[in-house]
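J.: Below is the structure I would like to discuss, written out as C-alpha cells.
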Amino acid sequence: MAAFATKQSPLLLASLLILIGVATGSFYDSFDITWGAGRANIFESGQLLTCTLDKTSGSGFQSKKEYLFGKIDMKIKLVPGNSAGTVTAYYLSSKGETWDEIDFEFLGNVTGQPYVIHTNVFTGGKGNREMQFYLWFDPTADFHTYTVLWNPLNIIFLVDGIPIRVFKNNEANGVAYPKSQPMKIYSSLWEADDWATQGGKVKTDWTNAPFSASYRSFNDVDCCSRTSIWNWVTCNANSNSWMWTTLNSNQLGQLKWVQKDYMIYNYCTDFKRFPQGLPTECNLN
C-alpha cells in the first residue's frame, strides 16, 4: 500500500428550484467564520482561507447558502508535519435530530505516516457507513481538490477528480437517502486525539502548535442552493446535467483502483461490527 497514501420527477425539482450559472466569488462572499476567536482568517482578497488549532481552541467556518444537491469543490492543503490527533473536517450537514450529512474528515498522523481520509454518510441522523482511505500523494505538500457530487441518483466522493466512493440511492430497497433536507457546507480544524490517530494511541504533540490547514478555489457553480427559506437560487436539472450524473466506465475503473490499493476500512466488510447482518446497501452495491 502506498506510503501516502431513483430519479425524482423533474417537475418536483422544478417546483423547488430555479437557474444558477456563475462561479462562487471570494470566501468573504460564500462563508462565515463561525468559531475559533480569530484562529480562522481570510486572506488574498478573499481567495485564501486558513483554519488554525492550538491547545486552547480549533476553528471553523460554514457556508452562507444551503444546498439541496450539488457538485461542490474545495482545494485543501492539510496540516503538515506531525499532525497526529488533529482532524480537518469538510462536510455538508442539515440541522435537527434527524439530520443528513456527507463527510470528508482528514485524520492527521505522525511525520512520515499517511493521512487517513475518513468518509461517512448520515441519513435521518443515522451514520455508521464509514469508509477510510490512504492517498496516493502527500496532501500536505500542495492543494488538492476534494469534491462532493450529490444528486438524486448517488453521492460521489472525488479526490482530484478521481472517485473514491459512491453511495447510491437505494430507496427502492428500503435504504434511506438524503434528498429533502438542505445542507450547509462546514469545515473545521480540531483536536480529537482520543480516536483520530491509530485509534487514539498517538496523542497530539502541542509543541508543534499552532497547526494550520488552508483552503482555496471553492466552487459551487453546479448546485441547487438557497440563500434563505423563501429565496431559492438553483440549478439546471435537465437530463444532460450533473443532476443525473453517475460514474462512466473510466471512472468505475478508477474507483476500483482506489478501493483495491488505498482503502483501509469498509463498513460493508466488517462482519464483526454487524453480527446480525451487514447493512442492506452493502448487498446491493
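Cβ atoms are placed via backbone N, Cα and C, with glycine included.
Annotation source Swiss-Prot lists active site, proton donor at Glu105. The xyloglucan binding site feature in Swiss-Prot is assigned to Glu105, His118, Thr119, Asn120, Asn128, Arg129, Glu130, Asp194, Trp195, Gly199, Arg273; the stated evidence is similarity to another entry. What Swiss-Prot lists as disulfide bond is Cys224-Cys235, Cys268-Cys282. Look at Swiss-Prot and you will find 26-215 tagged as domain 'GH16'. Marked as N-linked glycosylation site by Swiss-Prot: Asn109. The feature signal peptide is assigned by Swiss-Prot to 1-25, with sequence analysis given as support. The site 'Important for catalytic activity' annotation in Swiss-Prot covers Asp103 and rests on similarity to another entry.
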J.: Enumerate same-chain residues with a sequence separation of six or more from Cys282 (disulfide bond) and a Cβ-Cβ distance below 8 A; give 'none' if the list is empty.
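T.: Residues satisfying the criterion: Tyr267, Cys268.
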J.: Looking only at Cβ atoms, how many others are within 10 Å of the one on Thr119 (xyloglucan binding site)?
T.: 21
J.: Could you check what DSSP calls Cys268 (disulfide bond) once collapsed to helix, strand or coil?
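T.: Its secondary structure by DSSP: helix.
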J.: Please report how many Å separate the Cα atom of Cys224 (disulfide bond) from that of Trp195 (xyloglucan binding site), as a whole number.
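T.: On Cα coordinates alone, these residues lie 35 Å apart.
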J.: What residues, ordered by sequence, lie under 8 A Cβ-to-Cβ from Arg273 (xyloglucan binding site) and sit at least six positions away in the same chain?
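T.: Arg273 (xyloglucan binding site) has long-range Cβ partners Tyr267.
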J.: Given Trp195 (xyloglucan binding site) and Asn109 (N-linked glycosylation site), what distance in Å do their CA atoms have, once rounded to a whole number?
T.: 12
J.: Using a Cβ cut-off under 8 Å and a sequence separation of 6 or more, which residues in the same chain sit near Asp103 (site 'Important for catalytic activity')?
T.: Ala89, Tyr91, His118, Thr119, Asn120, Val121, Phe122
J.: How many Å separate the two farthest-apart Cα atoms among the xyloglucan-binding residues Glu105, His118, Thr119, Asn120, Asn128, Arg129, Glu130, Asp194, Trp195, Gly199, Arg273?
T.: 21
J.: Could you give the mean pLDDT over the domain 'GH16' (26-215), rounded to a whole number?
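T.: PLDDT averaged over the stretch: 96.
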J.: CB neighbours of Asn128 (xyloglucan binding site) within 10 A?
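T.: If we count other Cβ atoms within 10 Å of Asn128 (xyloglucan binding site), we arrive at 12.
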J.: Within the chain of the residue listed as 'N-linked glycosylation site', which residues six or more apart in sequence place their C-beta under 8 angstroms from its C-beta?
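T.: Correct list: Ser83, Ala84, Tyr115, Val116, Thr197, Gln198, Val202.
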J.: Roughly how many angstrom lie between the C-alpha atoms of Glu130 (xyloglucan binding site) and Glu105 (active site, proton donor)?
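T.: Spelling it out, the Cα of Glu130 (xyloglucan binding site) and the Cα of Glu105 (active site, proton donor) are 11 Å apart.
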